[in-house]
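Only one structure is covered here, and it is reproduced in the block below.
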2 protein chains.
Amino acid sequence: MKKFEEKTLSSKKIFTGKVISLQVDDVELPDGKTGKREIIKHPGAVAVIALTSENKIIMVEQYRKALERSLVEIPAGKLEKGEEPVLSAKRELEEETGYECEKMEHIISFYTSPGFADELVHLYVAHNLKKKENAAPLDEDEFVEMLELTLEEAQTYMDEGKIQDAKTAYAVQYLQLKKAMTS
Amino acid sequence: MKKFEEKTLSSKKIFTGKVISLQVDDVELPDGKTGKREIIKHPGAVAVIALTSENKIIMVEQYRKALERSLVEIPAGKLEKGEEPVLSAKRELEEETGYECEKMEHIISFYTSPGFADELVHLYVAHNLKKKENAAPLDEDEFVEMLELTLEEAQTYMDEGKIQDAKTAYAVQYLQLKKAMTS
């Protein structure tokens with residue numbers, strides 16, 4: 001899909017960081033005029049809907065410096081270089097929660113902020129969880145606390161703004177839809 | 001919510017653009033060590049679920065330079081400086097689709113990429129649409145084509161990857177959940 005394609009006239013790298021990089025492109029717009037696009041490059045990420053045997057949703061609370069507050073989110077993390085998303089999902093689940101699963105089912109991948117960033121989040125459902133002994137540790141700059149919430153509690157957390165990110169909101173709604181369709 | 005707060009030791013502004021700005025913060029982690037956080041500041045955005053009198057979902061196709069492809073999305077756009085989100089939602093709906101509505105109902109606000117950006121998207125449902133004569137025009141660097149999709153068509157677009165952004169995926173699922181709960 002290339003409708004209204006914007007051709008790159010020049011591209012200037014502004015910043016290359018550990019997580020993101022920033023470039024500004026000069027583009028030719030569909031009407032022949034020129035414009036500027038500010039673009040963030042991101043390696044992509046995974047997120048995991050994981051339910052315990054009591055049907056509770058596993059969440060993690062962590063501080064988000066960009067927001068200067070903590071959020072409760074489903075387990076998630078960045079893709080490492082060259083890493084297959086499904087393996088990344090298993091790794092993040094283990095690191096953040098200590099759980100492993102028999103099967104990771106891919107349900108959707110979406111761009112989080114297509115207006116300025118290429119971050120693509122791959123969302124999975126983890127089936128048949130079990131606690132792993134000697135689970136892989138978190139990255140050294142990661143601090144998270146695990147929670148287990150019923151679907152009703154997750155909805156309350158959303159109403160209260162404790163859950164307030166797109167992937168977790170999608171995940172909670174996914175479980176609500178599943179429940180509505182089977183009841 | 002300040003759990004695992006990361007105190008700012010210093011903050012360096014790297015870039016200030018038309019849409020986003022970038023800073024890198026040195027932080028004190030909860031264990032007393034130091035770390036770096038790459039942070040994108042964004043003015044926030046609105047997105048609108050708008051149904052025609054035939055119950056079709058209004059979408060717009062536009063080119064997303066960050067992805068080098070076009071996407072089909074619900075009408076959306078950035079907040080202008082000091083603009084109230086509900087007024088921004090009305091403005092974007094009118095500019096991108098030529099429709100106005102009697103009532104904008106707020107349903108959720110979510111952070112799109114809390115790991116690196118503060119962008120908050122406010123999602124609305126527009127009630128009682130009508131075509132507006134002399135609707136406000138698009139920004140001069142915006143090119144969009146309007147589509148009207150049934151819920152089934154929107155799901156097909158998702159399966160085919162034509163719809164692949166978080167806010168639109170959430171919106172389609174929202175309408176599916178609403179349908180499941182009333183049928």
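Backbone N, Cα and C define each Cβ position, glycine as well.
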From candidates B:ALA76, B:ALA117, B:ALA126, B:ALA166, TrEMBL puts in the same Mg(2+) site as B:GLU92, B:GLU96, B:GLU142 the residue B:ALA76
Sequence-distant residues near the motif 'Nudix box' (B:77-99) by C-beta distance (under 8 Å, 6 or more away from its ends) are 19, 42-48, 50, 58, 60, 106, 109, 122, 124, 126, 129-132, 135-139, 142, 144, 146
DSSP puts the residues of the motif 'Nudix box' (B:77-99) at 13 helix, 3 strand, 7 coil
Ordered by sequence, the long-range same-chain Cβ contacts of B:GLU92 (Mg(2+) binding site) under 8 Å (at least 6 apart) are B:VAL46, B:VAL48, B:PRO75, B:ALA76, B:GLY77
Not counting B:ALA76, B:GLU92, B:GLU96, B:GLU142, residues with a CB within 8 A of the CB centroid of the Mg(2+) site are B:VAL60, B:PRO75, B:GLY77, B:LEU93, B:GLU95, B:LEU138, B:VAL144
Should one count Cβ atoms within 10 Å of each candidate's Cβ, the binding-site residues B:GLU96, B:GLU142 would be headed by B:GLU96
Taking DSSP H, G, I as helix and E, B as strand, the domain 'Nudix hydrolase' (B:40-171) contains 28 helix, 58 strand, 46 coil
